[in-house]
Every structure is written in structure tokens, then in C-alpha cells.
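Notes to accompany the following structure.
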Amino acid sequence: MEGVKAKIAPSMLSSDFANLASEAERMLQFGADWLHMDIMDGHFVPNLTIGAPVIQSLRKHTNAYLDCHLMVTNPLDYVEPLAKAGASGFTFHVEVSQEYWQELVQKIKSKGMTPGVALRPGTPVEQVFPLVEAEVPVELVLVMTVEPGFGGQKFMPEMMDKVRVLREKYPSLDIEVDGGLGPTTIDVAASAGANCIVAGSSVFGAPSPRDVISILRKSVEGAQCKS
Ligand code: DX5
Ligand code: ZN
């Protein structure tokens, strides 16, 4: 497999939000590539987290790639504020953007962010094909491996069929998995072809987050050597 680097992205949803800057710094020192930022609106999902003001505050403390996952009903409204706040990646859900994803992707790119598309467990993978194949394409597909909304849920291995289909079709696409990833579930995701790994509770809840990040990375790199 070529062109897809392993990217380990601790989900800051599992961090101590009251100490976000130091939590972020700690994860980067432990070897994280990206910081995964879960933005929820209490409507698309039954939970409410952070928005542009918090991204802006964090940006003042770090140069890290802020991988923003928008679990919101109206992602178009978030492009401008998040770009100003210093977001790096902007991954929206396909379920809410059927009517206007072209406009959305173009806006995200024109603001200098990397566009990505996410899909809930119940959404067929075919729905994202047009977005990956568009003239202005998304550059990452996030396959949810739990129902979005909360950390600490159980990994759904049946989602790996989606990852396999995507990897087969798009060898150089960034494919991200999110939900329930950790040392016991990474191998199946890595061998299916995922290269961007979000992990919240397994990293923040570990006695040694550094070791967990390293296990996740080795699994992705090992699977790439075999393919
Ligand atoms: C859930 C979020 C995830 C979550 C993952 O809706 O998208 O990023 O923080 O947490 P874990 O790794 O604990 O399942
Ligand atoms: Zn997420």
C-alpha cells in the first residue's frame, strides 16, 4: 500500500476539557500525529461538546493538525468560523449534506482546510463514492465504528467491510476509523486498510498513553507491509 501514512489521532473528547492545552501537548509528546476534535450540536447527536471558540483557544497553544469531526446538522454554517478559529481538517457527515456537499467541499477547501466525509454505521458506503470521485473531492473518509455521540462505546467490526471496499477502490485515500479503537481492536481495522486511527478512551484511560499510540501505529504500519 502506498501513499497512506499512519496517523494516530487521540480524541480530545476523552481528555480533561478543563485542561485542554496541556492535554493536547501531552498527546503530541506521546507521539500523536493529529488531535481529533469532536464537534457536536446536541441535534445531529444527543450530546453537546465544543465549537469554534474552543478550537480558537486551543490553536493559540499548538501548531498541531486539528482534525475536526462535525457531528452537526448544518455543517455549512461552521466552515467560516472554524476556518477562522484555525481548524485543519473539516469532516462533515454525508447524512446531512446530500443536497449541498459540492458547495460545502469547495467552501472548506477555499478556506484552506482539508475536506473529509463521515458516515454513520447505518449509512451504506456507496453514498460517499461520488464525494471521493468529484472534481473537487473529499480527501478523507471517516468510517464510524460506533454510533456517533459518545466516547467509550464498543467497536463494531462489521464496519470493516466498508473500509475494505474503500481501500480496494481508493488505494491512496485517507481512511479514518472512529469509535472503540484500541490495542484489542486495531488489528482488524488496520488489516482492512484504515490508516487514520481515532482513539479516545483507550488512549486517555491507559496507564501509558504513549504505549497505546505506539501499538496503534505499529499495527497500521505492519498491515501496510503485508498488503
Ligand atoms: C464519538 C466520537 C469519537 C469518540 C471516540 O462520536 O466521534 O471520536 O471520542 O471515543 P472512543 O475511542 O472512546 O470510542
Ligand atoms: Zn470523532
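Each position is counted from 1, following the chain as shown.
Any Cβ shown, glycine's included, is placed from N, Cα and C.
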### Task
Determine which of HIS69, HIS93 appears in TrEMBL for the same divalent metal cation site as HIS36, ASP38, ASP178.
HIS69
### Summary
Among the binding-site residues listed as SER11, GLY151, SER201, the Cα nearest the Cα of ASP38 (divalent metal cation binding site) belongs to SER11
### Task
Give the distance between the Cα atoms of GLY149 (substrate binding site) and HIS69 (divalent metal cation binding site), rounded to the nearest whole Å.
11
### Message
Spatially, which candidate from the binding-site residues GLY151, GLY180, SER201 is nearest to HIS69 (divalent metal cation binding site), comparing Cα atoms?
### Response
GLY151
### Message
Among residues SER11, HIS69, GLY149, PHE150, GLY151, GLY152, GLY180, GLY200, SER201 annotated as binding substrate, what is the maximum Cα-Cα distance? Answer in Å.
### Response
17
### Query
Do you know which of the binding-site residues GLY149, GLY151, GLY180, SER201 end up with C-beta under 6 Å from ligand 2?
none
### Summary
Same-chain residues at least 6 positions away from SER201 (substrate binding site) with a Cβ under 8 Å from its Cβ, in sequence order, are SER14, GLY151, GLY152, GLY182
